[in-house]
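Asks: Have a look at this one.
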Ligand SMILES: Nc1ncnc2c1ncn2[C@@H]1O[C@H](COP(=O)(O)OP(=O)(O)OP(=O)(O)O)[C@@H](O)[C@H]1O
Ligand SMILES: [Mg+2]
């Protein structure tokens, strides 16, 4: 009886299952399979070609004693913290500004958001040009008579990552602003009325009432920014190509270079596994809060 | 005012009346609008600099400042960027990259939207055991750094004989576009009234019949949103292009980077900026033409399933 | 003394004129209900009084002070909203005291006011909870409390009960009435629920399209509606209307019937011309007693709806649908013959042209 039923069950909804095959394949083969493959191979001494000769944590030890990787991590930390703080703050402030029933709201939003439509390569090259000390901002300010003015972030190893950060923020803040704006518009208008009747100044209402109410929006923005930070690659390649020296290297670039330039696959696998780990550090608490919390609430 | 004060309680029409006067130049307005102006200047400036630089001749660039409008407008840099700029020894200009990008873009966008919409439709209307599990994996997959997956895909493509060829890159775009697009379509189809779907089933329409005759015609806006998302995303891609294609197939972004950041020869900033503009124009046109739909597309990425 | 006075108030949203030269005067300690169909401008008027909307023309006085340009917090008002509008991340206590703290009131005073409001509204046990952990009724009490602690003379309510279920609504309605009796403040209350309006109000202002149609006590509004709109709007089921021809001699002709309007109080004596003759379903007299009345017709019950406390009977008189409400014990079945009697004393007659009461 049961044996006779089984094939029917698989056949039921067959079209849908066939249609979902690309999704199932992608989910299993690419996102699960390939990830596991890379993690497994990060414990091997693969160089030009992947091979299953396990060497334990050797690759990781080597990784964490490579200066270039350490610089990459340090840069990622600066870039990441800078991106998070400035994107959230600027994105929120711009959204709050646009929420003041201003005229030309659409125009302003269009102008602030357009960089987001551009490629990181384009962004990187433009800012490379603007920050060029010979022709760009430094040159112009010196032209005003400040002969000793120095602003050459892309040529100064100590601050080069902030030069990249400026470009990254220019491209990304518009997006965060749009998310924040939709969060602000989602707040019940009667809350604002109530606070006006209570005589609370606007900034206080934002600070003590509206921002706490926008927690989900902030969390979403945080997750999106974090996912973007870890991936940062094109921008650095275009703007500085990791230079001067190795001063603006980032992990994603380290991975690419190990895999495709220096024939050091094992290093690339180990480095990319570290990247995955850092994403999980953000993602797991978030997923737990969002989805685990929802179950508790029920 | 003083001699009126006695009458205030007695007569009705006294004191403030009508709308509260709000001077256009109140401190609040001045602050808001001047801030907005500065902000807009800041965001618009790079685009302006790009255009201005690309219209100047090299001598003018060496003398002047990057913000000054061109004294003598020349389109030579654009012509050169399009037809003559060099990557290494190949001096056939950015046009090659442009056409490569077009060749990559059209099949990638079409295929990824087709597949993701069918996926989303199956997830929304034909749930089967396990479908949600696969979907969750897919969504979490969107957060896995590409770097973890790129090398195994190289192997897969090599096995399939697609490595270094355009179809291989198309496949990669379809795969990496899938999470966000599937989410987009699933959410949209879920929001459609279920009665439509049920009525069609009662009428005897099957899986594909309902998809093509009811779902697709009803969902044109979301297809446009998906198209905007994919066209800009694929056009702007650099990483996949550089990994999965050979130099003769490089998309525009990769070629642009090679042209501008090439170490040989004298730097021609005007040509570089013209090339940068040329690469940026396609997404910019889409952005300015689509307006609200673009915002909807990127916001769709922000909503959780 | 007048507590709130509104003079020639105009309000436009862009080119849409929502409030039109509105005049309204509310006495101190009065409970005024603004009643009207959805979209007639009730909330808009309330928001104007509160200062949440800039008026387009006219003036608003509260306690004799011209507050047309004053900030909402300086007007001496408290307001309660339909969606409660509590600050979700603060405790109940925080919600009640936020405005006071911001106004830099001394701490003991804040404590005292919060304690008093909590006691009046019986929310003392809830003070340390957050709004998310409260039921709808409790939330609305807190929202009322937030208005209460402001120690103001005028309370504004914008449909405060419409998010609650029927039972809670009835409970809170009584509570608001008790609150009003205890505090004696002026209250302006927006609703589209007739029962709330009739039970709570000292006076009701019936609004339509930004104009006050009638401003009077519930009794007057019910018994002597100023025009056909008000007559139709108030009462459930709605008033029955016949087209008729009034004559100077104080009679009216409805189809084949000639009726003497003895006992009807004309505004300016009998009139001549086409009129609407309105009669409330609950004022119909059935059975033999109907024969004593000037207007008595025979009819057949079409549909009978027994509702327990009373019975609704649908019938046709002179070709017009006619509703009758009689007591719940009436033994009537569909198809039964009825003797329907109407007393002109309870009728309402409106000019067909102006729709005003005559
Ligand atoms: N911000 C606004 N912009 C334009 N029109 C508005 C705005 N707010 C309200 N209106 C219009 O003004 C009219 C009156 O609205 P109002 O909210 O005062 O109605 P209401 O009587 O409170 O109705 P309800 O019982 O549904 O709450 C409506 O026709 C509405 O469409
Ligand atoms: Mg309303």
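Using N, Cα and C of the backbone, Cβ positions are placed for all residues, glycine too.
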Asks: For which of the residue intervals A:76-98, A:237-259 does TrEMBL record transmembrane segment?
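Replies: Within the set A:76-98, A:237-259, TrEMBL attaches transmembrane segment to A:76-98.
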Asks: Please find, within the list A:133-158, A:159-184, the residue stretch that TrEMBL describes as transmembrane segment.
Replies: A:159-184
Asks: Who are the chain neighbours of the transmembrane segment (A:205-230) in space, where the CB to CB distance is under 8 Å and they lie at least 6 residues beyond its ends?
Replies: 76, 79-80, 83-84, 87-88, 91-92, 96, 172, 175-176, 179-180, 182-184, 186-187, 191-192, 195, 251-252, 275, 278-279, 282-283, 286, 289-290
Asks: Between the stretches A:20-40, A:110-130, A:159-184, which one has more Cβ pairs under 8 Å with the transmembrane segment (A:76-98) than any other?
Replies: A:159-184
Asks: Going along the chain, which residues at least six beyond the ends of the transmembrane segment (A:110-130) come within the CB cut-off of under 8 Å?
Replies: 94, 136-137, 154, 163-164, 166-168, 170-175, 177-178, 233-240
